[in-house]
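Asks: The structure's right below; bear with me while I get my questions together.
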Amino acid sequence: MIRVAVIGGSGYTGGELLRLLAMHNKVEVTYITSREYAGKPISIIHPNLRGFYNINFSQFSWDKIGEKAEAVFLALPHKVSVDYVPKLLEMGLQVVDLSADFRLKNPELYKLWYEFDHPYPDLLKKAVYGIPEIHYEELKGAKLIASPGCNSTATILAAAPLVYSNILDNYRLISDVKVGSSEGGAKPSEGSHHPERQNAIRPYEAEGHRHAAEVEQELQYISKKEVKISLVPHAVSTIRGALASVHGWLISDDLNEIEFWKKIIEFYRGRKFVRVIRGNIHPYPDPKYVIGSNFVDIGFAVEKRVGRITMFSAIDNLMKGAAGQAVQAFNVSRGFEEDEGLRIPPLRPA
């Protein structure tokens, strides 16, 4: 059994990690931290986990983390994880970081998108971007996994087979992402508090969302071409779920849709959590049918009149968009079955 710590275990992502790791046959969660709730039972904050954990939240301690863990999941805010990762690695611990602090390879992009000088550019080169569908081989044995968030995951998985297939007139894409209120975290703000989002469809960061940087990085890795993407998220009134609609323009108006569908299947062949959607009853991906699971549903539509193709992906933002994908990448890094702890069908109704 691998002894695992969750640092920042009181938020939605931390709670989802704890839910999944409770069902994982290869790990034992030995240390869970929260500054605000130290000393209190896990079930006080996560009542859904009542009976699954008999340990309390702890204050973070460098001495204790070294004694109690072999691998660490960091569910901390951006610009906070960066101060933990180097020392954890020096101590010989594996790190799965769910913040954005090690996702970008180019340190200059942190100045542009996050307005800070990255203090550990050498570690950026060593971090493996944690989408197993794209970086399966690189994740094997990885010591530092930079796990992406929901907007970037949904966009990348929708666009990846598109940019790979050489069917586009240009590589300037638009991603429209609709995402539920849990993306905003457990601490409500005016923009994320659910009563403020109910009955709303609200775009945000429309002038340029910072996740566009990692999306472009990954799509350029896949296509070997310069890719530019405009990523505009929209806050909607669901609690869970994210739907990405990625628009591109075709090089020709005679695309064989059956052949392209086969190319998508081939691109994701062997990946346990990708489901390619095509049919008459539910022809396009819908987050409603992946809630509670680590699946991503992929589909597409072509409007030949204007030469446009739209790729769709639907995920649960707390699962494939956060905790589920982090556990999946951890599994690959350790040589476990990719779906260990994740063999969960979606909820219905949800």
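Including glycine, each Cβ sits where the backbone N, Cα and C put it.
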Asks: According to Swiss-Prot, S10, G11, Y12, T13 bind NADP(+); so which of N317, N331 is the extra one listed there?
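Replies: Given S10, G11, Y12, T13 bind NADP(+) in Swiss-Prot, the matching entry from N317, N331 is N317.
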Asks: Say we define neighbours as other CB atoms within 10 Å of the CB. Which of the recorded positions S10, G11, C150, N317 has the fewest?
Replies: G11
Asks: Can you give me the Cα-Cα distance between Y12 (NADP(+) binding site) and C150 (active site) in Å, rounded to a whole number?
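Replies: For Y12 (NADP(+) binding site) versus C150 (active site), the Cα atoms are 13 Å apart.
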Asks: Sorry to bug you, but what's the C-alpha spacing from C150 (active site) to T13 (NADP(+) binding site), rounded to the closest Å?
Replies: 11
Asks: Considering only the binding-site residues S10, G11, N317, which residue has the minimal Cα-Cα separation from C150 (active site)?
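Replies: For C150 (active site), the spatially nearest of the binding-site residues is N317.
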Asks: What is the total of other Cβ atoms whose distance to the Cβ of Y12 (NADP(+) binding site) is within 10 Å?
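Replies: There are 22 of them.
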Asks: With DSSP assignments reduced to helix, strand and coil, which class does G11 (NADP(+) binding site) get?
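Replies: DSSP call for G11 (NADP(+) binding site): coil, neither helix nor strand.
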Asks: Looking at NADP(+) and its recorded binding residues S10, G11, Y12, T13, N317, figure out the farthest C-alpha pair and report it in angstrom, whole number.
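Replies: That value is 17 Å for the farthest Cα pair.
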